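Taken verbatim from TrEMBL:
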type	residues	note
DOMAIN	62-417	domain 'Aminoacyl-transfer RNA synthetases class-II family profile'
BINDING	ASP131, LEU132, THR133, ARG158, GLN174, ASP178, ARG327, TYR331, TYR332	L-histidine binding site
Amino acid sequence: MPQLGLLHGRAWAVLFGQLRRPPGAVCIRAVHSHSQVAEAALATQMKPRQEKSNFIIKTPKGTRDLSPQQMVVREKILDMVVSCFKRHGAKGLDTPAFELKEMLTEKYGEDSGLIYDLKDQGGELLSLRYDLTVPFARYLAMNKVKKMKRYHVGKVWRRESPTIVQGRYREFCQCDFDIAGQFDPMIPDAECLKIMCEILSGLQLGDFLIKVNDRRILDGIFAICGVPESKFHAICSSVDKLDKMSWKDVRHEMVAKKGLAAEVADRIGDYVQCHGGVSLVKQMFQDPRLSQNKQALEGLGDLKLLFEYLTLFGIAEKISFDLSLARGLDYYTGVIYEAVLLQTPAHAEEEPLNVGSVAAGGRYDGLVGMFDPKGHKVPCVGLSIGVERIFSIVEQRMKTFGEKIRTTETQVFVATPQNNFLQERLKLIAELWDAGIKAELMYKNNPKLLTQLHYCENMGIPLVVIIGEQELKEGVIKLRSVASREEVAITRENLVAEIQKRLSES
């Protein structure tokens, strides 16, 4: 695992713990024009001064500011995730924060109601992007790209009822990796699962399990159980809630709210409550009803091949074939997967407790064709890392253990014990900056030495260079270690080399 920069090893081991599982939710639509915003601002300015005291300064619901301490953690996590994507040969890509509304409609099934709509003064109907997958498919179709391995880190927006304590927001960051192109079956899919394992292991989040299923198997189950084809997506959406609700509640939703016959729901229940490894795949091949369905057989065949590749990658023990996994988004067409953290049980005989999803993805072979005028398809498979949920773990650990995190990377502080030495300090710090050394000084003409040294201790700056009348006269600079408080005199010409030497050893 790579070094995590400013945090000490113990701090990272402590920070990365287990995630509380965020429940699902739903929220409000906001449409603003420039004129409305201007009118509101004008009205605020015209209010009497005493009324302004009632104004509450806050971030919009479902959003948050990130403090310098939080940004350090966020950047380290993102750096680790992106370095893994690059290790697997991915190229970076970015797309606009908003898309034409028609590009996003009919891509997300029941979740389409969670899209934020905007109104552009130029006459275009626009929506904030809901995920990074649909914009990627639009990019491939628009640019006629037939093969690409890309990663994308960016913000997305969803009109959900936020549960911020558990990492659910209306504005949040996604980290996606996708492979587009026509390749032999299951090789790219297996690599996506390998990447998920590498990232979750590297972040030291605790034990995890990746659930795998195939939408073709689910559709085959629905067909043999007697679900009308028109209800496939609706019933799939209900099955997708099995990680949040009991089978009894999901069955009730299918029957009472979605009009499915009770006996059909019971037959579905016989299947979707099964989970296991490759042995379950073989068992499903032998199922007298499921083995008669062509779609399901194709899915089972691919899963069998997938498990062979996962065994070669050395990660098969982290994968579970779970027939309850549905992934609610409409664009998935084949293999689907979701990584969950497992809470260590108090006693050895207890089952591990599922405490939340931290990564997910799957195959979507038809999405690019929905944008192409001639319907040309580009098979795709990908994954998304749930970084906000991972941040939630880190924040909980930070509060619990009170670990101190450096918010800057400053290596050297330029100080003086005497007055009227600003010019010398400025010349000295310029030398350090020009040599690529990260350095700071105090923005005062005559700062007190004790104040400068206290600042270094509080900010975790390892070295101080001190220049005063005596040093200037002797042509030396004092180099002080903040931790040990030891000082040595270094000639001006050797100062940069000595600092670089010490920094490389630390």
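Note: Cβ is positioned from N, Cα and C throughout, glycine not excepted.
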Nonlocal residues around TYR332 (L-histidine binding site), in sequence order (Cβ under 8 Å, 6 or more apart): ARG215, GLY362, ARG363, TYR364
Greatest C-beta neighbour count within 10 angstroms, which of the binding-site residues THR133, GLN174: THR133
For ASP131 (L-histidine binding site): intrachain residues, at least 6 apart, with Cβ closer than 8 Å: VAL156, GLN174, ASP176, SER384
Neighbourhood of ARG327 (L-histidine binding site), C-beta criterion under 8 angstroms, separation at least six: ASN213, ARG215, ASP240, ILE336, GLU338, ALA360, GLY362
Taking residues ASP131, LEU132, THR133, ARG158, GLN174, ASP178, ARG327, TYR331, TYR332, which bind L-histidine in the record, the widest Cα spacing (Å, whole number): 21
Model confidence over the domain 'Aminoacyl-transfer RNA synthetases class-II family profile' (62-417), averaged pLDDT: 90
